[in-house]
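To start, the structure under review is shown below, and the notes come after it.
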Amino acid sequence: MFVLCCAYWNLIVCTSQITCQALDPCSPPDLSSLLLRSPSLSLSGFSTMTEPSKVIHVRNVGHEISENDLLQLFQPFGVITKLVMLRAKNQALIQMQDTPAAVSALQFYGNVQPAIRGRNVYVQFSSHQELTTMYQNAQGRGDEPNRILLVTIHHMLYPITVEVLHQVFFPHGFVEKIVTFQKSAGFQALIQYQSRQSAVAARTALQGRNIYDGCCQLDIQFSNLDELQVNYNNERSRDFTNPNLPSEQKGRSPQPGYGDAGGVYGLQGTGARAVGFPQMANAAAIAAAFGGGLPPGISGTNDRCTVLVSNLNPDKIDEDKLFNLFSIYGNIVRIKLLRNKPDHALVQMGDGFQSELAVHFLKGAILFGKRLEVNFSKHPNITQGADTHEYMNSNLNRFNRNAAKNYRYCCSPTKMIHLSSLPQEVTEEEIVNHLEEIGTIVNTKLFEMNGKKQALVLFETEEQATEALVCKHATSLGGSIIRISFSQLQGI
């Protein structure tokens with residue numbers, strides 16, 4: 001139980017996840033929200049607001065924040081009649097039973113800063129006076145029961161496969177079909193039950209639950225699709241009513257997926273149409289790296305090359321540090337720090353597969369005290385300009401040669417880094433001296449492979465290892481420009 005304290009109001013909220021702290025007047029506003037404001041109302045902590053509404057607009061709603069967290073934040077002020085999560089925008093809309101309840105909530109949070117799971121959230125009146133069914137379904141989903149569920153997995157630290165999803169959902173009814181895919185909101189799946197009652201029971205039982213302890217949280221909505229048509233039975237899709245389907249289409253890349261309206265599988269639903277994707281670039285290198293398959297959680301169907309990175313530490317980050325981090329997962333074309341949002345940046349990768357690797361492995365990574373938000377950008381590319389840094393022709397891009405080896409080494413940040421291109425006469429002491437300013441070094445190992453000196457360095461935390469990589473990759477040690485990657489070894 002956590003007590004929210006205010007000079008004139010004592011309020012008890014029953015949750016260990018929600019905290020309040022002094023309002024930070026320096027918190028950067030969301031510039032897009034300025035369009036919704038008018039000077040018609042002024043509350044403590046809010047200089048200008050729209051007209052009072054029973055609908056509250058919540059910003060900075062990270063993937064780790066669930067519907068239940070938001071409910072607990074606002075339920076002390078009155079009955080909540082509707083809640084819409086806008087995952088792609090990290091926002092939410094909450095409709096109270098009446099306007100006075102919403103006014104009470106904003107008056108209170110005008111004096112204390114609400115935070116959920118360590119993340120500040122920002123609240124204001126919405127320009128909407130009412131959340132209609134049409135608005136709720138604007139994201140292609142809603143609360144009208146349907147036998148097909150749209151499932152988004154947040155904080156996905158472990159691979160989620162068709163088999164894992166079937167194990168989670170089949171106790172609530174016969175699962176006919178499952179399709180997994182990658183979208184801007186993250187890793188998603190469509191689960192088709194035999195009956196609508198089974199889908200309702202599954203959503204009621206599983207919404208907000210974690211598949212694994214502390215991670216892989218389920219965000220479940222009803223889909224507006226009528227039927228899933230699955231053409232292949234493999235690790236990304238399965239028709240449990242037709243076990244005789246092939247694993248892939250002959251002569252085609254074995255990486256089909258849904259995309260926006262249904263991908264090459266095809267969907268029958270309102271406004272749906274078949275959409276195909278081009279084959280992945282560097283297909284031969286990818287096949288060689290992953291033995292003809294793909295890492296768990298990677299669809300291989302993404303065609304968006306640009307990644308939006310947010311929640312950066314603007315005092316410590318720069319374009320070269322971002323290059324060092326993202327170049328582990330592919331070649332970098334250009335990077336742009338957003339001047340109107342100093343904790344945001346755009347990173348354009350060499351192709352859609354490389355950007356999918358970056359989103360998959362870096363989402364939730366901690367860098368300079370901040371947990372990164374990494375999602376696909378709505379921009380297909382970054383326009384060249386005075387505020388962009390070009391890396392297309394950089395000889396530091398890792399995937400211009402030995403692409404298969406570099407793909408094989410892709411992983412989430414670990415506590416251990418691997419150093420190569422070291423001078424032949426280097427010592428462990430010199431390596432420690434070069435890196436120890438970053439953090440506590442637990443162990444080191446200097447070795448030789450194919451006549452070249454290499455090293456492993458184990459840090460106390462993943463964050464320290466990540467900072468060592470972004471700060472020390474491509475720096476000079478003993479006259480040599482060293483290369484740093486994450487190591488997947490568990491110990492030295």
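Cβ coordinates are placed from backbone N, Cα and C, and glycine is handled just like the others.
Here is what TrEMBL says about this protein:
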SIGNAL    1-22  signal peptide
DOMAIN    54-128  domain 'RRM'
COMPBIAS  236-247  compositional bias 'Polar residues'
REGION    236-260  region 'Disordered'
DOMAIN    305-379  domain 'RRM'
DOMAIN    415-489  domain 'RRM'
Counts of helix, strand and coil residues, the compositional bias 'Polar residues' (236-247), according to DSSP: 0 helix, 3 strand, 9 coil
Within the domain 'RRM' (54-128), residues counted as helix, strand or coil by DSSP: 25 helix, 29 strand, 21 coil
Secondary structure content, the domain 'RRM' (305-379) (per DSSP, counts of residues): 19 helix, 24 strand, 32 coil
